[in-house]
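Here the structure comes first, spelled out in structure tokens, and everything after it is commentary.
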């Protein structure tokens, strides 16, 4: 291995899963593991086999299916843990046993009720036992960030002598600051005589928001493995996020001494979305690298800069992580340059419209609606302001019966006519969608559906957002209500009205 290669050790399936309200199923874990393999992760920590039969089987199945990544299993410094880890891993093409014990005074005295010599003896014995199964053994000094430095140096030296090939230095509770954590790694390299016989790894938690910073500071002092998770999943405030350290290393090679990883960065975004969907853990909109706002621009000044040169406000190209869609949001903060560019993208020559007039009407619509979409802007070109927000479809009444056969009855006003339909579906939301499709005689495909709480308490409002695809174009709808089914119906009707206006625009174009 080249000295500037940073090994990426992903622990989404072990440490990340510990943050979830419920355990993942075996097939869900396998799906994530295969995605991590496709991402180019070097080491996948698949689980903690001794913790449950389900975890054992999951590690075993992942070990049998993944061929290009090393599969790792966690164990305490106990014979039964190490033996169980081996039994789960032995079918793997490449595997690692990862054993650990706490080394801080606080943990030794209050949790383990043992002194340092006892802990040292247990660690060495565990490493030797793990080495009887594989040459690839990792040892972690739990709570290393709060371990007296002389004790930590002595533990690391003896763990390497016992046969550990990777020594992991965790900031278990996210307590240290980057300069402080970097100094710990620096001292280890200066004081541990056999440090060159092992790879030094770091595992940083995010309790003070320092996980990524601590990990990067550590590689500058000699660490060559970073333990991380997709989307920063993990106990409490989470772990170092894989996408953050990988893109920091890629983006700041000038400062980070030419370090690199083998991660296929173009797969980062889809892997992030997959993990979010399987774990049911939403990605915060402002999350670095993969959040929905990470490459979004709504300020007119920022949009103007990006339109002239993306590097003015984007240090990473969205395509670098696999995002290929436009994230320029049209809001009341957008300037004329943004509106002109959007119209050009829609195929309109600037000689065919008055930009000042369109922009004035755009601002009125944006103040009323919030976010304006390209089809809304196009409607401004052909429909008068009084009519572009005129809704052909109005939801009048809605009733739903749940149970074995979910059924919805929807009444809608179309112009002056009332139309009612009743439909079944695979759940009440689909039943409502089927009713609206039948009433409108339009058959779009539902591409995205999300629910977010807008307030708290028993009378909390929920916001439903939907994306419908019709004739190759996506249309967005939003609904808000204390009743999620009603909010869903509102969102569907909103999107259907956008489709209607789009069809009306097409008619005007053909006239």
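Yeah, the Cβs are placed from backbone N, Cα and C, and that goes for glycine too.
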Residue among 38, 231, 239 sharing the Mn(2+) site, where Swiss-Prot lists 15, 203, 205 as binders: 239
Sparsest-packed of the listed binding-site residues (203, 205) - C-beta count within 10 angstroms: 205
Site of maximum Cβ density within 10 Å, from binding-site residues 15, 239: 239
For the region 'Regulatory domain' (394-511), mean pLDDT (0 to 100): 91
Residue 239 (Mn(2+) binding site): secondary structure state under DSSP, collapsed to three categories: strand
